[in-house]
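Copied from Swiss-Prot, the annotated features are:
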type	residues	note
SIGNAL	1-26	signal peptide
DOMAIN	99-220	domain 'MRH'
BINDING	Trp115, Arg180, Glu202, Tyr208	mannooligosaccharide derivative binding site
CARBOHYD	Asn125	N-linked glycosylation site
DISULFID	Cys173-Cys206	disulfide bond
DISULFID	Cys188-Cys218	disulfide bond
CARBOHYD	Asn271	N-linked glycosylation site
CARBOHYD	Asn332	N-linked glycosylation site
REGION	375-403	region 'Disordered'
COMPBIAS	375-394	compositional bias 'Acidic residues'
Amino acid sequence: MWRWSTGVRTMLGYAMCFLALGSALTVRLHSTRTNLPQYLTREIGDDEFEELLRSSASAGHKWHVEQFVDGSRCYVPETEQNMAPVPDDLLERGIKLVEEATVGKKLEYLPISYWGYKFINSELNKTVIQHKDQHQVLLGSMVKADPQTVQHSLERDEDSYYISERFGDGDLCSLLEEDRTVEVQYRCKYDTPLEIILDLKEYETCRYTMLVSIPSLCELPEFGPYTRQTPANTIYCTAPATPEFNIATLVEAYKPTFLGHGFYHLAPHANLTHKETTAMLMYHQQPIPGNEEDDGTMDSAFIKHSTMAYMQLLEMGLLNGPDGLPFSEEGNFTVYAKVIGFDGGLITVTRFQISHGEVIIDHVVPEVLEDMEQGNSEDYEQQAPEQLDEEEAELTSQSDDPAIMRVHLQEFITPEYDAIE
């Protein structure tokens, strides 16, 4: 049966936390401890942690515990932070500085990934665009003259204030059947002499946060760091269940490609001789349910997310046929892929088919692939059908189950490539 060594599981777990670092800017997710407020953090043992909970309860302190997928827990005190008072016109003055710094400009952000991003501030409106070659997706826009679309506010984090603007009216998101939206945060950053986009994250499906540095905001001390008047509280955390390892090991062995929707594609570097599968995905969001009592809702969401990840693989030319050429949406093919968690453990095996313009994706019982210790996506296509007859193995879901995604290809491939991200 297909197994991961302890070292590889540990390696992938640390790498997943490293790759997902900073994945939330304004929302608190519970996937990694990096999403906690930037207070003082101290690591303690499990016994000391339990004693801290008991003593805090006895003393009547306000606190809560965050549980993370790496097995660690954090004690977070619920003490309101005192910020320096601000002038009533601070938001108005800040917006004026932002406008003066960005009007008539187009800021571009080209991370090491498939998509690039643009922030455009014209005389009439502001827009945020996701693009690749000739394909564009509108993430959000704001008409300056329309009070209904202008949504800006003065916000604060642990150390300073910033300006937040929310753009609606993005392109339709097929998964949510709603328009995309993006929040743009304008911040003072002393180490950036020009107006630049610092980051863009999709913190939820079709919901984005863009971080823009506006150096002129630093002229107003309230937007600078360290405006908090009281010292930070201490957050106490237990150690992760996954031991640390050298991140260089993963970099030497695999090339991770972020596909969106919680998925990474892991491909061995071309200069290596090992034959690990190229049809291998890593999923770092909530795992799919494993008990029979679950109503299948999360499983259905996982299928939708994995379908989008496969479509992204297809669009990027990372799914190849036996001839070495990339599959295309016009062809008919089947690909089997192992899906692992951030700890390297096997979550499931998925089957992805395109047949006569229809996309079909479902789970396959992992045990049916126990003879496939090595191979690539072409081997899966050739070998798996022989092992998947109905007498030897059953699919985890039948065709009328919501966990099977069966849609027409044109719902994913549109002229604007709206649904591929």
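Every residue, even glycine, has its Cβ placed from backbone N, Cα and C.
Spacing of Cys188 (disulfide bond) relative to Tyr208 (mannooligosaccharide derivative binding site) is 20 Å (Cα to Cα, whole number). If you compare Cα positions, Cys218 (disulfide bond) sits closest to Tyr208 out of the binding-site residues Trp115, Glu202, Tyr208. Summarising model confidence by region, the domain 'MRH' (99-220) averages a pLDDT of 88.
Take the disulfide-bonded residues Cys173, Cys188: by the count of other Cβ atoms within 10 Å of each Cβ, the lowest one is Cys173. For the domain 'MRH' (99-220), the number of residues in each DSSP class (helix H, G, I; strand E, B; coil) is 9 helix, 68 strand, 45 coil. In the three-state DSSP scheme, Asn332 (N-linked glycosylation site) is classed as coil. Among the binding-site residues Trp115, Glu202, Tyr208, none has a Cα sitting within 10 Å of the Cα of Cys173 (disulfide bond). Across the residues the record lists as binding mannooligosaccharide derivative (Trp115, Arg180, Glu202, Tyr208), the two Cα atoms farthest apart are 16 Å from each other.
A simple Cβ count within 10 Å picks out one of the disulfide-bonded residues Cys206, Cys218 as the most packed, and that one is Cys206.
Put plainly, the glycosylation sites Asn125, Asn332 were compared by Cβ crowding within 10 Å, and the winner is Asn125.
Using a 10 Å Cα-Cα cut-off around Cys206 (disulfide bond), the recorded positions Trp115, Asn125, Arg180, Asn332 reduce to Arg180. Annotated pair Glu202 (mannooligosaccharide derivative binding site) and Asn125 (N-linked glycosylation site), C-alpha to C-alpha distance, rounded: 22 Å.
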